[in-house]
Amino acid sequence: MKPVAISLSLLLLVTLLPGSEQRKVDNPDFQPNCLVGGPDIYDPAQSEKVLWFDVNLDLPPRQRFQQIAKAYKKEIHAVFDVLNYFLTIIPGVNAWELIGNMTASALDKGMIMNPYRDEVLGIAEVLDVPLGNLVFLNLFYEMSRFCTSIVAQTEDNKDLYHARNLDFGQLFVWDIAAQSWGLTEALKKVSVNINFFKNGKLLFKGSTLAGHVGVLTAMKPHKFSLSMNAKVQPDIINVAKWYMGAYENTDLQFVMYFDRWLFENCDDFQCAREKIAGVKLLTGAYFILGGANPGEGSVLVRNTTSVQFERKLFDGANDWFLLQTNYDPDKDPLFIDNRRDPGNACMNKLTRANVGMKGIFTVLSSKPNLNKTTVHTVIMSVTKGYFETFIQKCPNPCWAF
């Protein structure tokens, strides 16, 4: 088999295993545990454990993320080690090297647009790692995230809160000591917050993982907020075609790079909504969008070319909030991964009168929305400008994913 064929097969393996029903093991018969009404678990001081960095978008692209890479060099190498170890399941094949070489070739062909290309180059210089593997890590985050996102309007219609759990790392090496997934634990240690500046002014705030130049969750204070959840079945065929050069010289966007572009180019909810609806994407996704005005909250279900469906605040039974996991709203979730129903029940137990940083954090700290793959929780208030990130840990007994 030719190297490119081997590499594409490995790519399929790495991206499909986390979402593969065949590889999933039934969760124990744990009952959902909504913490609303119990002891107060919200401690804003805990969010200080996730460090803040400033990224100046007026700097040359290669320099923008280098300070973060320097601060987390050891921890990013640990993420590489987990992926490399996982790929040793294929005997006699250096899978990590093959994937890295193929991704580096895609970069050389100009298949990743600037400024993101040069930003990744700058990070690789600091980390002293193979460029192709770092680029693959950026693409890997594009395809494999299991999350819960919530937007909720307060009872007086004055404030909107937006939050998300980032779930990542299922089936990537069980860490016996930590009683968690090895990749999940490694990603907790590279979770960072960033203030993005342009022309000397704060442009927006975001959370991401050190070594990545996109954003996972972001907010432009007093303007709009966004989180993005992956679909349970990624558009892996499109990714394979991209690797083979089928999308060269097009306006195709990577989702998390597009998220950042959105905050650099939009100044309100409506602009963001229109851009999300019109962009051509490499993979489908769920865009959870919040605004500064009453009722500005939507979940846009995207395929690669258009909006399939949109859910809006005040448009249905749970009209004051929207909760989105990794399944289309009109389809039932996989029976061993039903975070939607327990999450909705916990939000209804919270009630609209208790929507706030504390209340939403409590819901997202409730099982099974909190599980062994939960890396961190981000809570934002568009109207108040709050942005807090909390490293999470799911105590046993806990769902594996």
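The backbone N, Cα and C atoms fix where each Cβ goes, and this holds for glycine too.
Quick look at what Swiss-Prot annotates:
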| type | residues | note |
| --- | --- | --- |
| SIGNAL | 1-22 | signal peptide |
| CARBOHYD | Asn101 | N-linked glycosylation site |
| CARBOHYD | Asn303 | N-linked glycosylation site |
| CARBOHYD | Asn371 | N-linked glycosylation site |
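Distribution of Swiss-Prot features across the structure.
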residue	record	Cβ neighbours (10 Å)
Asn101	N-linked glycosylation site	18
Asn303	N-linked glycosylation site	14
Asn371	N-linked glycosylation site	25
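Between the CA atoms of Asn101 (N-linked glycosylation site) and Asn303 (N-linked glycosylation site) there is a gap of 29 Å. On the backbone, the CA of Asn303 (N-linked glycosylation site) and the CA of Asn371 (N-linked glycosylation site) stand 27 Å apart. In the three-state DSSP reading, Asn101 (N-linked glycosylation site) counts as helix.
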